[in-house]
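> Here it is: the structure, laid out below.
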């Protein structure tokens, strides 16, 4: 239950009223700059030196610590929501208030809804009650974020945030006062961004950087194992890698440029024929996206090849044909990563089968693909901030 105003001290009342006025200004302000979904960087001119960069990474990379199989406080469970979202619990404030958030490598900001958010998408989930936290600290900074699936407007605040036993004190994060769109918003309360600080829309230091700076994690790495089990099995791990979740060796791929989880992809092929990314392209590795997204013309080409037909916003295919579909192979840094039909075909709420390939609405100067959960369920992924690289291996 929300505390009444009469139960707050005079000082708390002043802070609360001051912040209420600020949130009111946020809701009606016209001076906030609208920020685009993503700043996609161009290929470095020195990409021809990729092999040299790989050699440097191999020579100077630290050894990734292995997470203990027992009692580790660095492995955090995630829940699979219909193969569309992977959510995990965090707490904010003192005493802690619990939220389910998407752990998203495609963005850098942590945010949840405020009690002042009256948008319809806010009504179905938990909202942060700032006046019930003794460690809450407001600011006068406002921001907006536009995602592919929706947009929000909010204010930057500070409080204690916990991911399992990991604690980030005085963590800056966003409280939304307006939200629009966001498919499936009822299944999660907010977003926890795990991208680099330079693409933070709010300008706040991301929680991973705060944990690293505060000495809460031993090494600047985190990793994902995404299973098809809708209830259990999926995890995100911080500070090390649990080798039980993958087979063989990790294949390391250098980032095109430090500052975003974007890598070079060689090609996309089917039945030994190149069907996309013919002259190389860029790939964003994004745990916050359920699909595999690419340019419209090339996605339509893939749908034609697999016999998928449009209906509303999805491309459907006969469920009986799924096991006969050819694998689609993504070649990255000289390594083939096949994705079979059963991995790139999903089921809707009525049990109908549809393609996980989707048009990427972000316009870029280069051919760009987003490797979302449909790809990452097949491949265990390690995000190495210390060496600006991504590791991929066959998931168990």
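Positions of Cβ are set from backbone N, Cα and C atoms, glycine also.
TrEMBL lists these features:
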- 104: active site (ACT_SITE)
- 286: active site (ACT_SITE)
- 117-122: disulfide bond (DISULFID)
- 277-281: disulfide bond (DISULFID)
- 319-353: disulfide bond (DISULFID)
- 86-393: domain 'Peptidase A1' (DOMAIN)
> Might you list, by sequence position, any residue in that chain lying six or more from residue 286 (active site) with a Cβ less than 8 Å away from its Cβ?
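In sequence order, the residues whose Cβ lies under 8 Å from that of residue 286 (active site) (at least 6 apart) are 104, 105, 106, 261, 370, 371, 372.
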> Let's check the environment of residue 104 (active site): how many other CB atoms sit within 10 Å of its CB?
21
> Residue 277 (disulfide bond) to residue 353 (disulfide bond): how many Å between their Cα atoms?
26
> Provide, as an integer number of angstrom, the distance between the C-alpha atoms of residue 122 (disulfide bond) and residue 281 (disulfide bond).
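Spelling it out, the Cα of residue 122 (disulfide bond) and the Cα of residue 281 (disulfide bond) are 38 Å apart.
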> Does anything in the same chain, at least 6 positions from residue 117 (disulfide bond), have a Cβ under 8 Å from its Cβ, and if so what?
127, 175, 176, 177, 178, 179
> Roughly how many angstrom lie between the C-alpha atoms of residue 353 (disulfide bond) and residue 281 (disulfide bond)?
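On Cα coordinates alone, these residues lie 29 Å apart.
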> What is the separation, in Å, between the Cα atoms of residue 281 (disulfide bond) and residue 319 (disulfide bond)?
31
> State which of the following disulfide-bonded residues has the fewest other Cβ atoms within 10 Å around its Cβ: 122, 277, 319.
319
